[in-house]
Amino acid sequence: MEGADLLTAGVLFLFAAVAAVPLAARLGIGAVLGYLLAGIAIGPWGLGFISDVDEILHFSELGVVFLMFIIGLELNPSRLWQLRRSIFGVGAAQVLLSAAVLAGLLMLADFLWQAAVVGGIGLAMSSTAMALQLMREKGMNRSESGQLGFSVLLFQDLAVIPALALVPLLAGSADEHFDWFKVAMKVLAFAVMLIGGRYLLRPVFRFIAASGVREVFTAATLLLVLSAALFMDALGLSMALGTFIAGVLLAESEYRHELENAIDPFKGLLLGLFFISVGMSLNLGVLYTHLLWVAASVVILVVIKMLTLYLLARLYGIRSSERMQFASVLSQGGEFAFVLFSTASSQRLFQGDQMALLLVTVTLSMMTTPLLMKGIDKWLSRRLNGPEENDEKPWVEDDKPQVIVVGFGRFGQVIARLLMANKMRITVLERDIGAVNLMRKYGYKVYYGDATQVELLRSAGAEAAESIVITCNEPEDTMKLVALCQQHFPHLHILARARGRVEAHELLQAGVTQFSRETFSSALELGRKTLVSLGMHPHQAQRAQLHFRRLDMRMLRELIPEHSDMVQISRAREARRELEEIFQREMQQERRQLDGWDEFE
């Protein structure tokens with residue numbers, strides 16, 4: 001595909017995404033399923049606009065690659081070491097158990113035992129792209145079940161290497177003498193990548209950042225991700241695993257957040273392209289001729305994987321309320337199956353339509369996951385939010401609250417407790433099941449649900465409430481909720497939590513003026529106490545704190561247009577010098593006006 005064809009394909013992809021995803025969101029089936037349906041519509045078995053599916057599918061894997069890089073940035077080597085038990089324990093158990101059961105069933109379906117083994121391994125894998133996307137949408141990424149799900153996915157990526165090596169052995173086409181030299185060279189190259197990345201990446205990015213040109217920094221980030229993916233692909237290893245390692249190596253660097261901001265737009269677009277490509281690969285001809293076989297295989301695949309994952313989650317000690325989410329989010333087949341089954345087909349392991357049937361099963365299983373998650377979400381909402389008696393009441397009670405608090409983590413808890421202590425009527429919404437269960441045991445009225453859903457806000461009393469306090473962990477959720485409230489509940493007074501200056505800029509641009517930066521107030525208070533401990537008069541220290549807060553807020557507002565540009569660094573330095581000059585002038589005047597005011601606690 002080249003030239004005008006490539007441009008036409010790009011336009012078709014963008015049109016399909018723009019048309020299908022908002023429609024899917026309106027229907028409440030999620031963006032992922034919208035992308036899949038869009039792919040079916042424009043693919044060879046739909047309207048037939050695009051026929052070269054394999055090439056596009058390979059290119060669109062870059063979406064998964066970028067996603068794994070960002071996941072790597074959110075971890076560090078010490079955190080990865082802490083997850084070793086769940087990665088090599090639960091992850092290995094899931095792959096082996098699921099593969100064994102599924103391989104046995106494929107043998108009963110007249111697959112050769114070699115093809116059944118490959119089929120079982122391929123079907124045992126889950127979709128990294130879909131699972132991580134859904135976990136983020138459902139707020140699972142910070143929960144115990146989300147961490148366990150990520151560990152299982154990471155082991156599956158590691159299992160790609162031996163699984164691909166197993167195919168020629170099963171086909172009987174492996175070299176008589178195993179080439180240990182090639183294996184040793186791959187291991188050596190992998191080690192060089194790790195060591196080189198460990199000691200070279202930070203100095204290189206420090207040099208690039210010194211240029212002050214954001215575009216160059218973005219280009220360098222893309223170069224790193226694509227080079228790591230290409231290098232791992234040349235070694236015959238998982239591209240996603242390579243970029244994940246690159247992300248982990250940079251997780252503790254000072255450029256972590258800038259790297260994430262540079263990659264995020266590309267990740268979203270390419271992930272959408274990946275799901276559209278998967279939808280295009282669905283062979284409707286095979287589905288039509290083997291409808292009962294495919295339908296049964298999809299149900300069996302999802303049920304077996306859910307049962308296996310649920311059992312492992314129980315053995316691992318995951319809360320009962322989180323096990324169903326964990327089991328369902330990993331219940332589908334994954335993108336790795338396309339690679340493994342294609343390799344097996346080239347070795348003539350499959351007969352007739354067997355490969356096509358397996359690929360259709362994988363694709364349809366991916367389409368069931370968003371619907372399954374939606375159903376489980378509703379079931380959990382009714383179960384967790386329902387009254388003690390089995391009477392008919394809404395799944396979130398509208399108690400005519402004055403305030404709706406979104407998020408009941410450490411930040412949200414303090415706000416909610418203060419409001420309740422002052423007899424304010426509040427409703428708390430939280431999508432971490434574990435937190436909901438724990439807080440309800442202590443008597444807090446906390447409801448489970450995703451506050452970015454309009455109907456949940458409406459049933460929680462948003463139409464009658466006076467204010468909403470947004471304390472989400474993820475800035476994306478905060479901004480989405482702000483836009484939602486401004487559109488559907490414009491009367492609400494919005495107050496929000498900002499993790500840092502970038503989030504504060506975004507809130508100001510969205511028209512939210514009442515916000516609190518996560519550590520700013522506590523840091524100022526500790527700074528005031530430090531000034532007093534160094535001999536400054538308590539009243540003078542208090543005034544210094546107030547001056548600093550006021551001038552820092554002014555600087556924050558002045559830098560709004562530049563918040564996404566590296567020019568902000570020089571602007572911030574100028575503002576800091578101005579702040580110091582004003583501060584010194586005011587403090588000199590303050591020293592002449594001190595009275596006998598003393599500190600009190």
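Placement of Cβ uses the backbone N, Cα and C atoms for every residue, glycine included.
Since we're looking at a predicted model, the values are computed, not measured.
The annotation domain 'RCK N-terminal' is assigned in Swiss-Prot to 400-519 on the grounds of sequence analysis.
According to Swiss-Prot, the feature transmembrane segment maps to 4-24 (among others), an assignment based on sequence analysis. Among residues of the same chain six or more beyond the transmembrane segment (4-24), those with a C-beta under 8 A of the stretch's C-beta atoms are 30-31, 33-35, 37-39, 41-42, 49-50, 56, 272-273, 276.
What Swiss-Prot records for 29-49 (among others) is transmembrane segment, and it gives sequence analysis as the kind of evidence.
Feature annotation from Swiss-Prot assigns transmembrane segment to 55-75 (among others).
Counting only same-chain residues 6+ beyond the ends of the transmembrane segment (87-107), those with a CB under 8 A from a CB of the stretch are 113, 115-117, 119-121, 123-125, 148, 151-156, 158-159, 300-301, 304-305, 308-309, 312, 316, 330. The transmembrane segment annotation in Swiss-Prot covers 87-107 (among others).
Sequence-distant neighbours of the transmembrane segment (111-131) (same chain, 6+ residues past either end, Cβ-Cβ under 8 Å): 32, 63-64, 67-68, 94-95, 98-104, 149, 152-153, 156-157, 159, 163, 166-167, 170-171, 240, 271, 274-275, 301, 305, 329-337, 340-341, 344, 349-351, 354, 358, 361-362, 366, 369. Look at Swiss-Prot and you will find 111-131 (among others) tagged as transmembrane segment.
Sequence-distant neighbours of the transmembrane segment (152-172) (same chain, 6+ residues past either end, Cβ-Cβ under 8 Å): 68, 83, 86-88, 90-92, 94-95, 114, 117-118, 121-122, 124-126, 128, 131-132, 236-238, 240-241, 244, 309, 330, 334, 336, 339-340, 343-344, 347-349. Feature annotation from Swiss-Prot assigns transmembrane segment to 152-172 (among others).
Positions annotated as transmembrane segment by Swiss-Prot: 177-197 (among others).
Sequence annotations record features per position, and here Swiss-Prot assigns transmembrane segment to 207-227 (among others).
The transmembrane segment annotation in Swiss-Prot covers 230-250 (among others), and the record cites sequence analysis as its basis.
Annotation source Swiss-Prot lists transmembrane segment at 262-282 (among others).
What Swiss-Prot records for 284-304 (among others) is transmembrane segment, and it gives sequence analysis as the kind of evidence. Tertiary neighbourhood of the transmembrane segment (284-304): same-chain residues 40, 45-46, 98, 101-102, 105, 123, 331-333, 353, 356-357, 360-361, 364-365, 368, 372, selected by CB-CB distance under 8 Å and a gap of 6+ residues from either end.
Swiss-Prot lists 324-344 (among others) with the feature transmembrane segment. Sequence-distant contacts of the transmembrane segment (324-344), counting only residues of its own chain at least 6 positions beyond either end whose CB sits under 8 Å from a CB of the stretch, comprise 57, 61, 64, 94, 115, 118-119, 121-123, 125-131, 134-135, 138, 140, 145-146, 148-149, 152-153, 156, 160, 163-164, 167, 170-171, 274, 278, 281, 301-302, 305-307, 309-310, 313, 318, 350, 355, 358-359, 361-363, 365-366, 368-369, 372-373, 376, 379-380, 433.
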For the domain 'RCK N-terminal' (400-519), what's the model's average pLDDT?
84
